[in-house]
Amino acid sequence: MTLIPSILSVPPSPGVTARCAEARAIVLSNMPVNGEYRLLTLDAPAEVLDCAPGQFFQLLCPVPEGEHPFLRRPMSIYGYDAHAEQLQFLYKIAGAGTRGLATLRAGDTLNVLGPLGQGFTMPDAWQNLMLVARGVGLATLAPLARMAQQQGRSLTAICSARSPELAMSVDLFRSYGAEVIVVHDEDGSSEVPALEALIEARIAAGSVDAFYTCGSRRLLTMLQRLGQKHGIPGEIAMEQQMACGLGMCQACVRPFREGNEVVHRRVCREGPVFPISEAIA
Amino acid sequence: MTLIPSILSVPPSPGVTARCAEARAIVLSNMPVNGEYRLLTLDAPAEVLDCAPGQFFQLLCPVPEGEHPFLRRPMSIYGYDAHAEQLQFLYKIAGAGTRGLATLRAGDTLNVLGPLGQGFTMPDAWQNLMLVARGVGLATLAPLARMAQQQGRSLTAICSARSPELAMSVDLFRSYGAEVIVVHDEDGSSEVPALEALIEARIAAGSVDAFYTCGSRRLLTMLQRLGQKHGIPGEIAMEQQMACGLGMCQACVRPFREGNEVVHRRVCREGPVFPISEAIA
Amino acid sequence: MSTSDLSVKVGELTFANPIMPASGTFSEDLSDVFDLDVLGAHVLKTIMHGKRAGNPTPRVCDLQGGMLNAIGIPSKGIDDFRDRMLPYWSDYKAPLVVSISAHSMDEFARLAAEVSLPGVAAIEANISCPNIEADGNAFAMRPDTTAEVMRRLRAETDLPLWAKLTPNTGEPVAVALAAEAEGADAIVTANTALGMSIDVRTRQPRLGNVMGGMSGPAVKPIALRMTYQCAHACRVPVIGCGGIATLDDVLEFLIAGAAAVQVGTATFQSPTVMARLIAELSDWMQAQGVTSLGEIIGSVQIPGGEAA
Amino acid sequence: MSTSDLSVKVGELTFANPIMPASGTFSEDLSDVFDLDVLGAHVLKTIMHGKRAGNPTPRVCDLQGGMLNAIGIPSKGIDDFRDRMLPYWSDYKAPLVVSISAHSMDEFARLAAEVSLPGVAAIEANISCPNIEADGNAFAMRPDTTAEVMRRLRAETDLPLWAKLTPNTGEPVAVALAAEAEGADAIVTANTALGMSIDVRTRQPRLGNVMGGMSGPAVKPIALRMTYQCAHACRVPVIGCGGIATLDDVLEFLIAGAAAVQVGTATFQSPTVMARLIAELSDWMQAQGVTSLGEIIGSVQIPGGEAA
Ligand SMILES: Cc1cc2nc3c(=O)[nH]c(=O)nc-3n(C[C@H](O)[C@H](O)[C@H](O)COP(=O)(O)OP(=O)(O)OC[C@H]3O[C@@H](n4cnc5c(N)ncnc54)[C@H](O)[C@@H]3O)c2cc1C
Ligand SMILES: Cc1cc2nc3c(=O)[nH]c(=O)nc-3n(C[C@H](O)[C@H](O)[C@H](O)COP(=O)(O)OP(=O)(O)OC[C@H]3O[C@@H](n4cnc5c(N)ncnc54)[C@H](O)[C@@H]3O)c2cc1C
Ligand SMILES: Cc1cc2nc3c(=O)[nH]c(=O)nc-3n(C[C@H](O)[C@H](O)[C@H](O)COP(=O)(O)O)c2cc1C
Ligand SMILES: Cc1cc2nc3c(=O)[nH]c(=O)nc-3n(C[C@H](O)[C@H](O)[C@H](O)COP(=O)(O)O)c2cc1C
Ligand code: FES
Ligand code: FES
């Protein structure tokens, strides 16, 4: 990071409540979870807390010693609470930016930009929801569990991980009333054939109206196959390298199927959540 | 600063004790002195503490928020104690680098390079010394007072300042047995005519064998005039923009009189201390 | 309390203040963050005549003090511009600058005619995009191709016509003079510098397009040098662009001779930066007692007169 | 424990490791800090035939991620080189590379002959210094002047002859090919990029010479791009230079195709950096099981084969 702006109040667009804002948040805690992940809890102003599950923020990461993250880093909203003015991110240390995030201590400030993008939808027809994800993807899907509970839907969360202990957000999902199934690499239950059989059984039992997933190509291809076969719709949160996060720069495009055409859509603006049927793995 | 190197031990030149080294020092304290200045006290390894008064270090300043000092900043040695493994700098906040220095807190590390350059000399013929300086220049001359005491010389320190309270290092000079005369702008005693008359009177009293000074053009011109008139030699510590501080880049040259010629000398290598008679104001 | 006059003239156009976005780093989406009418002008992403997909991803990567991009010019074409974008931007008071580009002189000229519509205040000719042709080739690499393309554009439009230069040329002043001679009303210095970055773990270039354009604070000294060179060589105004992120950066370009400035990459770090710069510039003028930016523009003090 | 083989070949010369200093950022003074014989080679500050003072001060200023310099070429002339410097450097095992420059082709050719002495391993022709001629002009700005000067130099010396390129040209590949065609044994990419910086408080340029050469991490993507372009176009080896400060930087240039690298500005931030890079490279090779740098050099993976 090379410019740490001091945020002055800037004029909002006339007659429009700003959809997102650049704000200074205060770190409440930043703790390791599960060895590989960290949970960052921020005290954030109300103006950035009108969030929807599946939306994300662009974080201006602190500069770790000897490294120079320059662009902001996109992070899904893991938790938000407008009342308590709290905002949470669950992240995995990957490179310079996330190493910078890991240096944050309680009391530090962090410049955040958000909420950004289009979150998950939950049409009335989708009463029985199935969520399938792995790794950090489970962070992105976490707020969906609360949304499902609030809207009175039934949710099954299939959490995939290398080993049972590394499965993320299991307790969180349960606390929102979801049924949790952990699959993992050690017993092979996370492999596509096993997983597909598991889901087929659920579908046969008549309990899946829609899928939610995230990131992984393997899972996407499988869910597209199942979705097409059984006419089950669903949504996926996707990732792409970003610069602006707002829709201005066209950095973050991915190809999507639109009828017979392939079109580019911006992950930051039209996404990060897209219909599973239109995504291209 | 963009690269904070982790200093590995590197091979010394064969048969040579390194004249200077890049080392990691630990901040013991960093305190305001006198409103305008700050005193930085470091715990430094012995390898960088074989210093002489007038030598300097190149400090890799921390990055203050929103600024980007890149090159090291030269700072005269204010105090050094090989036994106690301590090193001190007295600095004035001028820009990005010194603002970075001001952020240092006890326990922080600071990458220092030194000692650099040629310090003051004190030939036997120079028994009665007169030091004339102003502002941060007095920091550069401070270690000279101890050297004078150790070598049994008599020292008169004329400390010039905007107002009497802002005169630097007065107590330090006194503690090393110097006679201190404070001149200042408020009563006009720091102006050249008044100062020159003061020094002329001392010369007339027979008590000046050599001058030491620092930086200021005005003082240099005056001391050159007095020196030439009365045959009094002396030394001046000079400043110039630097890059390497070691003599490699030729950034820091200044013109000097050498007989009838004007030659360029490197402030970092041949200096920062030069004969007053050869300096060009 | 009297507020300072931040207005600047760029040729025949007057802007309420000298801060405008750089092409490709701005869109209507920024209105989510602040009122875009505070800006001196609106400069749109370069459009090309037809529909284009742009370059493969990854299209951006970050650097020490900047970034690389190889977006290419994904374009929805002239129809989308006329039918959707122009009406949208016409609702704003800030003048609209439309950036255009093309592979061939013919197509470029045709596009200039097509975008010369009511509601368009000026055309910025992007003759400098390093991401369209291989190895960063562009019309603005050479004075002769610059002259030819500007002559063709000039013949097709009566709107103020700006020529956007590239730092990748070895002869920026000759290119600027060629553009001026063929009727450019302003020179924009500059587009991105051709660069590359490799991920040492995968050994792959960090951009899908292998090379890309460098922007951000790292290129500022190069863009400032070009701004100074062109402002001293040309009679038409020069608009500074490259690495501007702070009030000091804005002042540095104005002092070097820029009549206005464009802010690009800084908006990615801080989407509110342009609004903030306008407020800071106003405060600074008031604090310094500067009543008009004419006192600042081109006020660089060269020791011993002109530079060698 | 077997140590890795860090040696590299640059034309006929073999260096114990690929790390050498960049001209102008190195001198005997660095022996105060570490044993200079650990270096792959010694590259001296450019010398010119006669005595020269260099440019007015301030000669350097710092930037975000780099610095500007307008040192010029203060030179003690050829006699000082022969009588004082050459004997000093002859005591080291590391091969000596002598950088030379001149205003005219004649003077350049004469100097090449004069420095072709026992103890000199190679001549680096600095045909790219932006600080000698006004506005950064230099022979390496154009293929034709490059060809002519290299032909003249080639005629005067049998020593390996390196051509140091400039990032300020719009046609680096054509310049590299011109140098190669006229007998250059290696290409060095690159010298500094012409830049400028203004102190907004005094409104004066921050360099006495107004403009100067930019170096340091900020220019790395440009130098890396040139290294890649030249390594792919030329048969002779390319030596990377520009912003190298870390082990990853060294690897990035080697992967792009550099046979060796030069480290300049980083030495100002950390005078021990070259010794450290050698140690780190050796450790890295061992950890990765890389036995020879031939496995790394030019190993960049271009998606879908060659770049456009
Ligand atoms: C919409 C969205 C939501 C995300 N949510 C989360 C989350 O909740 N938790 C989490 O741990 N990670 C999440 N990611 C991935 C996260 O953005 C990257 O891990 C992070 O940017 C890596 O930065 P770095 O500097 O640590 O790593 P580096 O690898 O050094 O990053 C280099 C560059 O690549 C980009 N980059 C690296 N990985 C990705 C990626 N997977 N997607 C997009 N850009 C990437 C970085 O932003 C940076 O610009 C999300 C990504 C997107 C696009
Ligand atoms: C040999 C020597 C000894 C010094 N000793 C002291 C000391 O003991 N205490 C003290 O407060 N100051 C001292 N100075 C001056 C000190 O180096 C500068 O004040 C400091 O570098 C300013 O850096 P900055 O980033 O805060 O200011 P900026 O003005 O932002 O610096 C910009 C650039 O100019 C250079 N610069 C600025 N002022 C000077 C100067 N006077 N001399 C040389 N370069 C300068 C900086 O190093 C930097 O590269 C000394 C200078 C030299 C050459
Ligand atoms: C992501 C991105 C896209 C860009 N697209 C365009 C473009 O379409 N047309 C153009 O003329 N310049 C384009 N540019 C260049 C900018 O307008 C500007 O000239 C350059 O980035 C330097 O300014 P900066 O450092 O403030 O970003 C683009 C720059 C970036 C970073
Ligand atoms: C202070 C300074 C002086 C330089 N002098 C020379 C020189 O005399 N001859 C030359 O060919 N290059 C000279 N250079 C350029 C460097 O050799 C190198 O090409 C450039 O700085 C880029 O590398 P870096 O980023 O590692 O410094 C100089 C660079 C600096 C910073
Ligand atoms: S990141 Fe800029 S458009 Fe999506
Ligand atoms: S600062 Fe490099 S020679 Fe003095």
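Every residue, even glycine, has its Cβ placed from backbone N, Cα and C.
TrEMBL labels come from automatic prediction, so no person has curated them.
Straight from TrEMBL, the features:
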- D:6-285: domain 'Dihydroorotate dehydrogenase catalytic' (DOMAIN)
- D:Ser23, D:Lys45, D:Thr46, D:Asn126, D:Lys164, D:Gly216, D:Gly242, D:Gly243, D:Gly264, D:Thr265: FMN binding site (BINDING)
- D:Lys45, D:Asn69, D:Ala70, D:Ile71, D:Gly72, D:Ile73, D:Asn126, D:Asn191, D:Thr192: substrate binding site (BINDING)
- D:Cys129: active site, nucleophile (ACT_SITE)
Spatial neighbour of D:Lys164 (FMN binding site) that is closest, considering only the recorded positions D:Lys45, D:Ala70, D:Asn126, D:Cys129 and their CA atoms: D:Asn126
Rounded inter-Cα distance in Å - D:Ala70 (substrate binding site), D:Gly264 (FMN binding site): 15
PLDDT averaged over the residues of the domain 'Dihydroorotate dehydrogenase catalytic' (D:6-285): 96
D:Ala70 (substrate binding site): secondary structure state under DSSP, collapsed to three categories: coil
Close in space, distant in sequence - D:Ser23 (FMN binding site), Cβ under 8 Å, 6 or more apart: D:Val43, D:Leu44, D:Lys45, D:Thr46, D:Ser99, D:Glu124, D:Asn126, D:Lys164, D:Gln262, D:Gly264
Rounded Cα-Cα span from D:Thr192 (substrate binding site) to D:Gly242 (FMN binding site), Å: 8
D:Asn126 (substrate binding site), number of other Cβ atoms within 10 Å: 28
Around the Cβ of D:Gly242 (FMN binding site), the count of other Cβ atoms that are within 10 Å: 34
Neighbour-count leader, CB within 10 A, binding-site residues: D:Thr46, D:Thr192: D:Thr192
Winner by Cβ contact number (other Cβ atoms within 10 Å) across the binding-site residues D:Gly72, D:Gly264: D:Gly264
Annotated binding-site residues D:Lys45, D:Thr46, D:Ala70, D:Asn126, D:Lys164, D:Gly264, filtered by Cβ under 6 Å to ligand 4: D:Lys45, D:Thr46, D:Asn126, D:Lys164, D:Gly264
D:Gly72 (substrate binding site) versus the residue listed as 'active site, nucleophile' - Cα distance in angstrom: 8
Collapsed DSSP category at D:Lys164 (FMN binding site): strand
Max CA-CA distance, Å, over listed substrate-binding residues D:Lys45, D:Asn69, D:Ala70, D:Ile71, D:Gly72, D:Ile73, D:Asn126, D:Asn191, D:Thr192: 16
